[in-house]
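First up is the structure itself, then whatever we jot down about it.
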Amino acid sequence: MFKVKDLLLSPTTFEDPIFGTHLRYFQWYGYVASKDQNRPLLSLIRCTILTASIWLSCALMLARVFRGYENLNDGATSYATAVQYFAVSIAMFNAYVQRDKVISLLRVAHSDIQNLMHEADNREMELLVATQAYTRTITLLIWIPSVIAGLMAYSDCIYRSLFLPKSVFNVPAVRRGEEHPILLFQLFPFGELCDNFVVGYLGPWYALGLGITAIPLWHTFITCLMKYVNLKLQILNKRVEEMDITRLNSKLVIGRLTASELTFWQMQLFKEFVKEQLRIRKFVQELQYLICVPVMADFIIFSVLICFLFFALTVGVPSKMDYFFMFIYLFVMAGILWIYHWHATLIVECHDELSLAYFSCGWYNFEMPLQKMLVFMMMHAQRPMKMRALLVDLNLRTFIDIGRGAYSYFNLLRSSHLY
């Protein structure tokens, strides 16, 4: 059981240049709370209610899918929506269970960023600003399609409810094929909409609102954590190449140090680099443990769903609205898989450059004990760093394999349908 005081963040954390936007949405959701917030317990309870409602919506959507559809065109978009909610339900439940780990990672990251902003030089500040701009761009790329899809669904529902009420409330006509049902009406397993207005009509509105916020919010937040790790590795590589002992003590004047004093301070700098590398490794391990289950679920679910949507687009005759939603779903799913595999690849490649940074630091000017120490540090830096989601490695090769696998199964389904 969580203790409220263990889940509170300092007010300055919500102004963090990398995580600030996501934390403000998390605060609205009730996932985190501020130390200066009134009644934080009520906020955290709200998170429990919203997470439970996501699972309830997912269960209702899956129940509707299991009832089946008369043809592929009617069920493709609803099936894709239900499966998307199943994937996000797994991710949100995992996030809820491991909320203390998320808070711990945020505290570590915010503390590091605050220290960096105080001691960074111009080049390091440029890296921080570039990381901030990058995370905002990625967030927009995932958020905008989700919001557009949600607004289109809301607009379609409002327009047809006001001007084409028979396509919304005349269920017998819809079942006879005389009227085409709106997407929201197809999500939940209820018969007469008028008898279940609150649950059957307003319920999907509420579920859709949760979906278009929760799905991009969590995935882009994890992207920020991964990009933060990449930033830390970039700065570590830069500092290793510079080998500037004045970072330890700004009052040092290198020209006035004796050989033994210079060796001492360089040794201290080596120790700081090793400690920093170990801290980064620990952070990556914690992050990997946090995301391994939902990313593995996304790997399986999205692979099947991408294949199914291509099959539905090829074999069926979807409406223009269904075409739009299918393409949005394909883009969002591919984008979610890509951000995990791409940023894991960036982390691994940036870590692999650390041994080269040690080699480029002017080692030939060091005393022999330092050169021997540097050899061991290079060997330590060459230890591979990999990110895994249970059974699969997170890298671009895996992402390409997902695309190949989905296309292969799509061709198999299409061939079996033709014959």
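A Cβ is built for glycine as well, from the same backbone N, Cα and C atoms used for every other residue.
So that you can see what the record holds, here are the features copied from Swiss-Prot:
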| type | residues | note |
| --- | --- | --- |
| TOPO_DOM | 1-41 | topological domain 'Cytoplasmic' |
| TRANSMEM | 42-62 | transmembrane segment |
| TOPO_DOM | 63-76 | topological domain 'Extracellular' |
| TRANSMEM | 77-97 | transmembrane segment |
| TOPO_DOM | 98-137 | topological domain 'Cytoplasmic' |
| TRANSMEM | 138-158 | transmembrane segment |
| TOPO_DOM | 159-196 | topological domain 'Extracellular' |
| TRANSMEM | 197-217 | transmembrane segment |
| TOPO_DOM | 218-292 | topological domain 'Cytoplasmic' |
| TRANSMEM | 293-313 | transmembrane segment |
| TOPO_DOM | 314-323 | topological domain 'Extracellular' |
| TRANSMEM | 324-344 | transmembrane segment |
| TOPO_DOM | 345-389 | topological domain 'Cytoplasmic' |
| TRANSMEM | 390-410 | transmembrane segment |
| TOPO_DOM | 411-419 | topological domain 'Extracellular' |
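When Cβ distances are compared across the two stretches, the transmembrane segment (77-97) makes no contact with the transmembrane segment (138-158), since fewer than 3 pairs at least 6 residues apart fall below 8 angstroms. Same-chain neighbours of the transmembrane segment (390-410): 292-293, 295-296, 299, 302-304, 306-307, 310-311, 314, 334, 337-338, 340-342, 344-345, 348, counting only residues six or more beyond its ends whose CB sits under 8 Å from a CB of the stretch. For the transmembrane segment (42-62), same-chain residues at least 6 beyond its ends with a Cβ under 8 Å from one of its own Cβ atoms are 2, 4, 7, 27, 29-31, 33, 78, 81-82, 85-86, 88-89, 92-93, 96, 187-189, 203, 206-207, 210-211, 214.
Across the topological domain 'Cytoplasmic' (218-292), the model assigns an average pLDDT of 86. Same-chain residues lying 6+ beyond the ends of the topological domain 'Cytoplasmic' (345-389) with a Cβ under 8 Å from its Cβ atoms: 226-227, 229-230, 233-234, 236-238, 240-243, 259, 263, 266-267, 270, 273-274, 277, 280-281, 284, 287-288, 291-293, 295-296, 299, 395-396.
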